[in-house]
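Below: the structure, in structure tokens.
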Amino acid sequence: MPLIRVLASLLILQLSYGKSLDNGAKAITSLDRIIGGFECNPSEHRSLVYLYNSAGFFCSGTLLNHEWVLTAAHCNREDIQIRLGVHNVHVHYEDEQIRVPKEKLCCLSTNNCTQFSQDIMLIRLNSPVNYSEHIAPLSLPSNPPSMGSVCCVMGWGTITSPEVTYPEVPHCVDINILHIPVCQAAYPTMSGKNILCAGILEGGKDSCKGDSGGPLICNGQIQGIVSWGRFPCAQFLEPGIYTKVFDYKDWIEGIIAGNSNVICP
């Protein structure tokens with residue numbers, strides 16, 4: 001049955017990671033990954049944030065403005081800390097900043113963050129972030145992405161699969177926006193609502209363990225949030241599933257504007 005794609009260092013003892021499904025298919029998991037990519041240029045990921053707690057790194061997110069970060073709902077944890085302006089996780093830039101959540105809001109309710117359904121979460125920071133050489137926001141989408149668009153997904157997730165190798169620096173990989181039926185063929189029970197299907201049909205490039213919550217960027221705008229997919233990653237005809245940010249744009253802008261009554265799609 002489906003398993004949540006979790007960071008192996010956190011839950012490998014509790015979960016049968018990568019276990020086969022009843023029908024012989026590979027396990028559907030979450031907390032995604034970068035396979036087949038390259039080290040990101042520090043100037044190209046100024047909005048990328050690093051989420052961690054006492055157990056270590058677990059997700060990425062995206063800075064939207066001085067006070068708000070966007071990530072996946074299944075990245076919700078206790079005692080989240082947020083590093084901004086990070087490239088090499090062992091090296092601290094002078095302009096690096098650390099914040100904690102003042103408020104966490106999920107689409108269903110402030111206290112009910114789900115794993116896959118409406119996999120989106122806003123984090124309000126405890127104090128505003130100062131923009132700098134290594135820290136800048138990313139724009140929300142003005143329009144949904146076109147089919148076939150080449151977009152970049154990034155994060156500190158494993159760069160090998162099924163073996164797990166976590167890099168010190170974020171990796172980026174270019175993938176394509178695909179038609180929803182492509183993902184429905186790979187995952188017959190999934191809903192096609194409020195998601196993007198993205199990847200490379202022949203395999204070899206994908207997000208993977210540790211990339212969840214990070215951005216899928218198309219033409220300089222965040223169009224997707226890494227949500228879930230198959231493990232091992234980057235397999236033939238098995239793209240990844242991303243939360244479709246454009247469908248949540250009104251909700252995001254309403255929450256940021258202070259409208260607690262805004263309706264989630």
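Using N, Cα and C of the backbone, Cβ positions are placed for all residues, glycine too.
Here the candidates are Cys197, Cys218, Cys233, and Swiss-Prot names Cys233 as the disulfide partner of Cys208.
A disulfide bond in Swiss-Prot ties Cys151 to one cysteine from Cys75, Cys197, Cys218, and that cysteine is Cys218.
Nearest in space to Cys208 (disulfide bond), taking C-alpha to C-alpha distance over the disulfide-bonded residues Cys59, Cys107, Cys183, Cys218, is Cys59.
Taking only the Cα positions, the spacing between Cys106 (disulfide bond) and Cys264 (disulfide bond) is 9 angstrom.
Cys218 (disulfide bond) and Cys152 (disulfide bond) have their C-alpha atoms 7 Å apart, to the nearest angstrom. Within the set of disulfide-bonded residues (Cys59, Cys75, Cys106, Cys152), the lowest number of other Cβ atoms found within 10 Å of a Cβ is recorded at Cys152.
Fewest other C-beta atoms within 10 angstroms, among the disulfide-bonded residues Cys172, Cys233, are seen around Cys172. For the disulfide-bonded residues Cys151, Cys183, Cys197, Cys208, Cys264, the ranking by surrounding Cβ atoms (within 10 Å, all protein chains) places Cys208 first.
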